[in-house]
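Student: Okay, these came from Swiss-Prot:
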COMPBIAS  178-192  compositional bias 'Polar residues'
DISULFID  71-88  disulfide bond
DISULFID  97-130  disulfide bond
DISULFID  106-142  disulfide bond
DISULFID  198-234  disulfide bond
DISULFID  214-222  disulfide bond
CARBOHYD  155  N-linked glycosylation site
CARBOHYD  172  O-linked glycosylation site
REGION    25-59  region 'Disordered'
REGION    169-200  region 'Disordered'
REGION    194-234  region 'Sufficient for interaction with FGF2 and FGF2-induced effects'
SIGNAL    1-23  signal peptide
């Protein structure tokens, strides 16, 4: 019995170190797998930057201006940038205008909804919609870093109607030159026609005075002196 118990004890003493070594190896493997998983997750997070969803065109909206014009707007995409068309009705008048810009770079980093909401607010706050040639639609999310995202007015039916009327009302400089040059020959002609009449009246007056003061005998001599002394009455 004693020999059997001693053999069992010796076997247990030999097995314990082996079990401890296996347990340490298994613990190391678990720690290594967990660390590698955490490292892969940690490396994967900063590599992916959050980006907004691509814009689905056309984008549409409606608004009412401070001067009670009912308007609607729609955005279409071009090869470079976008075009925003505004159509309004005020009483019996209808007018429209176009804005252009390129917010593509800004929309890749910011939310589309924020940008288009600010564009809609800017349209509603316009004092004279489609009537100011210097009108620019700006947004707080893009205008500092992306100035090309500002939408500028490029065409308007209101501004195009004003120009022809101004050109018709203003006379051209060629018209004024023709009037002045055509009137000058008439003046010279009237001046030239007045000279013979003036000379005939002077001669008649001189002859009358010579006959009254000098008589018929000395009339011709007096007439000669009077023509030298008296000037033309004209």
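Backbone N, Cα and C atoms are what each Cβ position is placed from, and that goes for glycine too.
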Student: May I ask you to report the DSSP-based helix, strand or coil state of residue 106 (disulfide bond)?
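Tutor: For residue 106 (disulfide bond) - judged by DSSP and reduced to three states - the answer is helix.
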Student: For residue 88 (disulfide bond) and residue 97 (disulfide bond), what Cα-Cα distance in Å is obtained after rounding to a whole number?
Tutor: 9
Student: By CA-CA distance, flag whichever of 71, 214, 222 among the disulfide-bonded residues is nearest to residue 142 (disulfide bond).
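Tutor: So, spelling it out, the nearest of the disulfide-bonded residues is 71.
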Student: Can you see whether DSSP assigns residue 97 (disulfide bond) to helix, strand or coil?
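Tutor: Its secondary structure by DSSP: strand.
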Student: When the Cα-Cα distance from residue 130 (disulfide bond) is computed for each of the recorded positions 71, 106, 155, 214, 222, which gives the smallest value?
Tutor: 155
Student: Per-residue pLDDT averaged over the region 'Sufficient for interaction with FGF2 and FGF2-induced effects' (194-234) comes to what?
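Tutor: Here the predicted model's pLDDT, averaged over the region 'Sufficient for interaction with FGF2 and FGF2-induced effects' (194-234), is 65.
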Student: Could you tell me which three-state DSSP class residue 214 (disulfide bond) falls into?
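Tutor: Reduced to three states, the DSSP call for residue 214 (disulfide bond) is helix.
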Student: If one measures from the C-alpha of residue 71 (disulfide bond) to the C-alpha of residue 222 (disulfide bond), what distance in angstrom results, rounded to a whole number?
Tutor: 97
Student: To the nearest whole angstrom, what is the C-alpha distance linking residue 106 (disulfide bond) and residue 97 (disulfide bond)?
Tutor: 24
